[in-house]
2 protein chains.
Amino acid sequence: MTDFAATKAMFHLPEGMIYLDGNSLGPLPKATPAAMEKVLRDEWGEMLITGWNNAGWMAQSTSVGDRVARLIGAEPGHVIMGDTLSVKVYQALASAVELNPDRRVILSDSGNFPSDLYMAEGLIQSLDKGYELRVVAPEDVAANLTDEIAVMMITEVDYRTGRLHDMKALTAKAHEHGVITVWDLAHTAGATDVQLADCKADFAVGCTYKYFNGGPGAPAFIYVNPKHANTARPAMSGWLGHDAPFAFEQSYRPHTGIERMRVGTPPVLALTALSSALDVWDMTNMADVRRKSQELTSLFITEVEARCPELTLATSRDPDARGSQVSFAFEDGYPAMQALIAHGVIGDFRAPNIMRFGFTPLYIDEADVVRAAEILEDIMTNRLWDRDEYKVKSAVT
Amino acid sequence: MTDFAATKAMFHLPEGMIYLDGNSLGPLPKATPAAMEKVLRDEWGEMLITGWNNAGWMAQSTSVGDRVARLIGAEPGHVIMGDTLSVKVYQALASAVELNPDRRVILSDSGNFPSDLYMAEGLIQSLDKGYELRVVAPEDVAANLTDEIAVMMITEVDYRTGRLHDMKALTAKAHEHGVITVWDLAHTAGATDVQLADCKADFAVGCTYKYFNGGPGAPAFIYVNPKHANTARPAMSGWLGHDAPFAFEQSYRPHTGIERMRVGTPPVLALTALSSALDVWDMTNMADVRRKSQELTSLFITEVEARCPELTLATSRDPDARGSQVSFAFEDGYPAMQALIAHGVIGDFRAPNIMRFGFTPLYIDEADVVRAAEILEDIMTNRLWDRDEYKVKSAVT
């Protein structure tokens with residue numbers, strides 16, 4: 001059984017703050033500044049260009065990818081790091097549609113993160129072949145999996161409500177109809193016990209600045225099922241995905257396996273920060289994290305519902321049907337969240353009316369959950385949110 | 001006149017090393033570790049999610065872009081940071097071809113960096129509309145600019161030979177024929193006095209880990225000419241290029257201007273390192289850097305040709321026809337470069353036979369140039385390269 005007090009001690013958490021926004025940006029691991037100092041001074045500073053070989057920079061994309069693979073139930077050697085999640089969505093989708101060349105519908109749901117839908121729109125317009133992006137309600141995805149669908153592109157956990165799709169069932173039904181699946185793990189990687197291989201997912205992508213605590217703008221990852229690894233064509237066919245990048249050949253020849261999904265020069269500093277953050281995961285495993293996360297989210301629901309009748313639960317009461325977050329709907333959710341932040345409890349707001357709270361056992365415990373609910377009660381009962389200063393919207397909300 | 005001794009003092013250069021590979025990876029600015037410590041501990045560590053507003057992270061892509069804009073002769077507000085150079089090549093090219101919808105030829109040259117050609121191949125295969133990638137010899141580009149060409153995609157300086165294209169003349173000729181231009185500034189940004197606005201370039205892209213010293217895998221940039229800024233469609237239409245990213249609308253609406261070329265979450269740590277590196281440029285200007293760079297490359301050519309008859313100059317003798325590098329062809333260039341590195345002079349090798357040396361006045365002076373030539377002479381005259389240990393190829397060469 002994981003010692004979560006020990007994992008909590010691995011993070012820097014500001015004095016007096018209860019941080020329930022790790023589903024947006026995880027906190028600073030205490031080990032990260034030293035890791036960054038090392039890559040800057042000992043590697044970049046002293047090795048300069050030779051760091052690509054001598055410090056292992058060129059191998060980082062795969063070595064860090066292998067560490068992520070273990071945490072999302074992927075086969076080793078089938079996850080690679082790089083780029084942003086939106087770029088990886090584009091790459092996965094562009095590859096996926098070509099595996100179903102005679103179909104013209106990309107199926108997604110209205111609970112998907114907008115950037116995924118935007119990237120699909122952009123790709124569809126570029127391809128100019130009559131593709132349709134069909135966006136249905138989350139509960140209607142299964143019923144819409146037909147022989148007409150080329151690709152199902154779904155984010156496993158809804159960023160607003162925390163609703164968790166059944167990856168195994170949806171993927172199985174998709175495959176019955178010859179549909180290729182692209183799973184976005186933005187809110188599940190590091191949060192739930194994702195089992196990509198067991199679910200037979202075709203493609204998966206995700207980010208590492210949320211539950212993996214890689215830092216603001218940390219690199220994304222992409223997974224390609226072994227059965228497609230040597231046939232999927234990376235639309236963004238960059239030199240580092242070439243079979244022999246340093247032969248500088250004039251034409252592209254894809255690398256075997258997941259490495260073909262590499263594009264440009266890897267972000268060494270960011271991958272170093274992420275790698276240091278992943279060390280925390282050596283102290284635990286996803287099954288323990290998931291079990292504890294379900295306890296924490298259940299406790300928060302119980303505490304808040306008992307204290308704040310003004311708030312309406314927007315997340316499933318069934319722990320197996322939600323991710324590692326709890327959302328409440330409240331008409332004045334924006335100022336209420338600002339007031340809560342001013343009182344030391346950090347969650348976030350998602351339009352139009354969602355107050356969102358993320359939980360991870362790595363650094364949140366029962367005492368934090370109860371204290372956060374107490375502070376929220378104070379703000380709601382005494383209408384502390386009803387002040388002009390909390391109603392001014394900032395650039396990033 | 002710039003005080004180049006003062007700029008040199010801003011960099012950490014390992015004791016006894018003459019670093020002539022800044023055209024591949026610039027050295028560590030002395031200010032960068034402290035800047036990174038600040039973003040880690042004071043910003044990420046203390047502000048967490050609120051750093052997007054309170055530490056200005058969300059504005060970094062444009063604020064750093066403006067600093068780069070000044071150094072490449074771009075109009076302020078028309079350069080934005082993000083992604084890798086290969087991804088930005090893809091994005092620029094995908095936008096550019098749509099501005100010439102009735103043409104089907106992308107013109108490039110055999111001196112272009114392979115990744116640019118690979119990305120074009122990947123895009124062409126995705127579009128599946130009969131596009132042709134026409135790759136001609138560098139000296140034949142102008143003659144191949146005809147009414148048939150949709151886009152000319154050219155890297156201004158050849159990564160092997162250092163040959164410098166005439167951006168103004170080629171762009172003018174391209175425009176006479178209705179051709180859209182995409183310029184890759186990988187080896188010119190920070191190296192030559194690029195004047196994008198004056199040359200009327202349509203698109204430009206570049207990286208920042210070479211002459212801008214942003215660190216391994218530092219972010220790329222993209223420039224879009226103001227005349228296209230509100231019409232170019234970013235094929236990779238990510239949420240941060242949306243007109244209202246935090247409204248989380250279901251459909252994409254591009255932001256006005258260069259911001260539409262943003263894709264995903266910006267790499268805050270990498271942009272912070274880059275921003276600290278750009279401070280050095282506040283002490284100088286591109287005209288001074290270019291003039292001094294031409295002096296240094298001329299001096300190196302003179303010194304090496306006088307000392308090493310075994311080597312054949314592969315770079316133009318005309319300072320206005322080359323970038324900030326000098327290349328020599330030598331059949332045993334690979335072991336010769338390894339021997340040179342072992343003797344403290346860092347250059348690099350590019351297949352099949354090019355020994356490549358980059359120069360920047362920011363941290364290389366005349367004494368370094370002469371000393372490097374002396375060491376090279378020793379290696380060539382005494383065949384110090386002819387040892388088995390120098391002939392083993394490493395992963396990154």
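Glycine is treated like the rest: Cβ placed from N, Cα and C.
When secondary structure is read from DSSP and collapsed to three states, B:LEU85 (pyridoxal 5'-phosphate binding site) falls in the helix class. Sequence annotations record features per position, and here TrEMBL assigns pyridoxal 5'-phosphate binding site to B:LEU85, B:SER86, B:PHE113, B:PRO114, B:SER115, B:ASP116, B:THR155, B:ASP184, B:HIS187, B:TYR209, B:TRP239, B:THR265.
According to its DSSP assignment, B:LYS210 (N6-(pyridoxal phosphate)lysine) is coil. For B:LYS210 (N6-(pyridoxal phosphate)lysine), the Cβ neighbour count at a 10 Å cut-off comes to 28, with all displayed protein chains included. Per TrEMBL, N6-(pyridoxal phosphate)lysine is recorded for B:LYS210.
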Based on DSSP, name the secondary structure state of B:HIS187 (pyridoxal 5'-phosphate binding site): helix, strand or coil. coil
List the Cα distance (Å, whole number) between B:HIS187 (pyridoxal 5'-phosphate binding site) and B:LYS210 (N6-(pyridoxal phosphate)lysine). 8
Using DSSP with the three-state reduction, classify B:PHE113 (pyridoxal 5'-phosphate binding site) as helix, strand or coil. coil
Measuring Cα to Cα, how many Å separate B:SER115 (pyridoxal 5'-phosphate binding site) from B:LYS210 (N6-(pyridoxal phosphate)lysine)? 16
Going through the binding-site residues B:LEU85, B:SER115, B:THR155, B:TRP239 in order, which have a C-beta under 8 angstroms from some C-beta of chain A? B:LEU85, B:SER115, B:TRP239
Which Cβ among the binding-site residues (B:LEU85, B:HIS187, B:TRP239) has the fewest C-beta neighbours inside 10 Å? B:TRP239
Under 8 Å Cβ-Cβ from B:THR155 (pyridoxal 5'-phosphate binding site), six or more apart in the same chain: what's there? B:GLY111, B:ASN112, B:PHE113, B:ASP116, B:TRP183, B:ASP184, B:LEU185, B:ALA186, B:HIS187
At a 10 Å cut-off from the C-beta of B:PHE113 (pyridoxal 5'-phosphate binding site), count the other C-beta atoms across all protein chains. 22
Quick one: give me the count of other CB atoms within 10 A of the CB of B:SER115 (pyridoxal 5'-phosphate binding site). 28
Could you state the CA-to-CA distance between B:LEU85 (pyridoxal 5'-phosphate binding site) and B:LYS210 (N6-(pyridoxal phosphate)lysine) to the nearest Å? 12
